[in-house]
Structures are given as C-alpha cells and as structure tokens.
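Participant: Take a look at the following structure, please.
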C-alpha cells in the first residue's frame, strides 16, 4: 500500500457585481432603476471518476480557481454564473483541510459529486433598492468574494504492475524513465532496498501504478537476500512484469525460470497471476540472443503492436506480451507503457466480471 498526497489551493468564484442602470426608452422621461443582479461565482466540486486512477494530473498545480460570476446588466438582466471547477478524483480519495487535517470529503462511489466550496453570491442590482424615499438608487451590491482553501488530496494506491527481476536488471531505471518515481540507481546489486512506487501517466486522466521491488535472488521465498518482506508487496498487484537482463552473466532463460520458481514457492496464486516479459538492455546484445530466448521458451514471434520497433523480435497476444526494451537507449519504452496499460485494463475488467458473480 502506498499513499499518494497532493497539496493544492482551490478557490471558488467571486459573485458578479450588481448593475446600476436606469430605464431609458423613448417617451419615458424618468425611467426607474433596472440594474440586474450579478451572476453567482463558480463552485469547487469534487467528482469521483472510476476512469481516473491516480492524482498525478494535479502534480505541480499550486492554485486552481473556479470562474467568477459576470456582472449584471441593464433591463434587469442577470449576469451569467461562473463556471464550476470540477476536481476529478479516483474512488477512495480523501480530501482534508491542509491546516487542520480535518477530513472534508471521502469520495467512494463512481459518479458521486460533492460541493467543496460554494461560489460567492452575485450582488443585487440597483432596482432592488428603489423605494418611496429613493426612487433613483445609484448604488448596487458588489459580488460576494469566493472562498479559498488549501487542501490535501490523499489516495491509497495499490500497484497495478509489479516489476520482478534479479538485482540490477534495470527495474529502477525503467520506473524512473516511465514515471515520477526517482529511485536510487547504481550499477551494483540491491540498489533498491525498499519497494518504490511510481505513477505512469498514459494521458491526462489515464495512468497506472508501477512498483519497483527489490531484486529477487534464489531462495528469496525462504527469506534469503531481502526475502519474504518484498514478496508481500507484489501479492496485491494485478500484473507482473518479469524483467530479464540480457546483458547479465545469468542466462536469460535461467533468470525467467528461477523468478517464476521463487514466486511459485512463495505463493501459487502469485505465480499464476497474469504477466508479461520485458527483455532489458536489448541495446547491449545482438538480435540473435533475443531470438534464442524466444526459441528456448517456444515463444512465437508476432507482428509488433503499440509502435514497437519492427527490427526486434516481439510477441503480443490477448493475455501477455514479450518485448525487448532499453531504458537508456529509449527502445520500445513508449510501446511498453501502452502495452502494460492495455494489460492492466484487461485484468481490471476481468476482476470486475469475476466479482459481479
């Protein structure tokens, strides 16, 4: 479990100014006041959206504002209301007051909409202030100020994709290339000593969460190396990406079979989870080494998808994919991102169907 926090300021719109106006028409010498009311300022509304998976689209945004109401006009015309600010958040997001820590909203259901801050009321036009003693009021109300608040959006994340590989297989480099995570990276084993999560953005609203897990060694299920502790972290991931280091002294097929064995020894359920294979550091070996991996495991080569490099062997089907990549040389990184997102979405749909029965 990983908690994503975003702190930002939000402000509702100011109400529009009331209008000072008098009726001016032919043959009407002393028309009375007819100034319209200002429009209401826009609200700050939080909307729960199941198609939004993370809070990454709010990163780096310090202040978000709803629109102000428009001023009133003559002939008692009401000013237009300001446009609401809609904050789209994934289910499970909690909104807190940044200063006090008080929970303001708890968003759970898809489609749920709640007003966080109301916009300011529009000012009254001068026609409201006419009376026997003052039939030509030359003042109108100003619009009410909007409300401003610093909030914290908090979301508990479970990784969609767990990266599984031997130490120094390129997991940290990949997650830092694809996401906003910045793990420590160096050319020695066991750089990653704790699991790190990164949010991989596919577009403005779609994203998935990737976990960089400490490298597995033989005997991990017995607690060797960093052992059982990190295997717990991938139990709840929906998809496993095996990271096979083509430049390693360990044979690629041996790496894959050993990693599968370690997961199976720890948990049959974990080993049976949907997976894909990334053949890392492909720029450091000849194509023949990649083809040899395909042949030894009986993997058929298919047409590339997601604009993968057509000069490198790859495999795509409805359940999995095998893709050579290089984070450093930026080979097939975009293809990997879209292929993983496609796999994660398929797994989520399958899980929802199973839970509905």
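In case you wondered, yes, glycine gets a Cβ from its N, Cα and C as well.
Taken from Swiss-Prot, the feature domain 'Obg' applies to 1-158. What Swiss-Prot lists as domain 'OBG-type G' is 159-345, and the listing cites sequence analysis. Taken from Swiss-Prot, the feature GTP binding site applies to 165-172, 190-194, 212-215, 280-283, 326-328, supported by sequence analysis. What Swiss-Prot records for 172, 192 is Mg(2+) binding site, and it gives sequence analysis as the kind of evidence.
For the listed features, I'd like the structural context: burial, neighbours, distances.
Facilitator: For residue 326 (GTP binding site), other Cβ atoms within 10 Å of its Cβ number 23.
According to DSSP, residue 172 (Mg(2+) binding site) sits within a helical segment. Around the Cβ of residue 172 (Mg(2+) binding site), 24 further Cβ atoms fall within 10 Å across all displayed protein chains.
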Participant: For residue 165 (GTP binding site) and residue 172 (Mg(2+) binding site), what Cα-Cα distance in Å is obtained after rounding to a whole number?
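Facilitator: About 11 Å separate the Cα atoms of these two residues.
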Participant: Can you grab the distance from residue 326 (GTP binding site) over to residue 172 (Mg(2+) binding site)? Cα atoms, rounded to a whole Å.
Facilitator: 12
Participant: Rounded to the nearest angstrom, how far is the Cα of residue 172 (Mg(2+) binding site) from the Cα of residue 281 (GTP binding site)?
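Facilitator: Computed Cα spacing between residue 281 (GTP binding site) and residue 172 (Mg(2+) binding site) is 13 Å.
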Participant: Counting every protein chain present, what is the number of Cβ atoms, excluding its own, within 10 Å of the Cβ of residue 281 (GTP binding site)?
Facilitator: 23
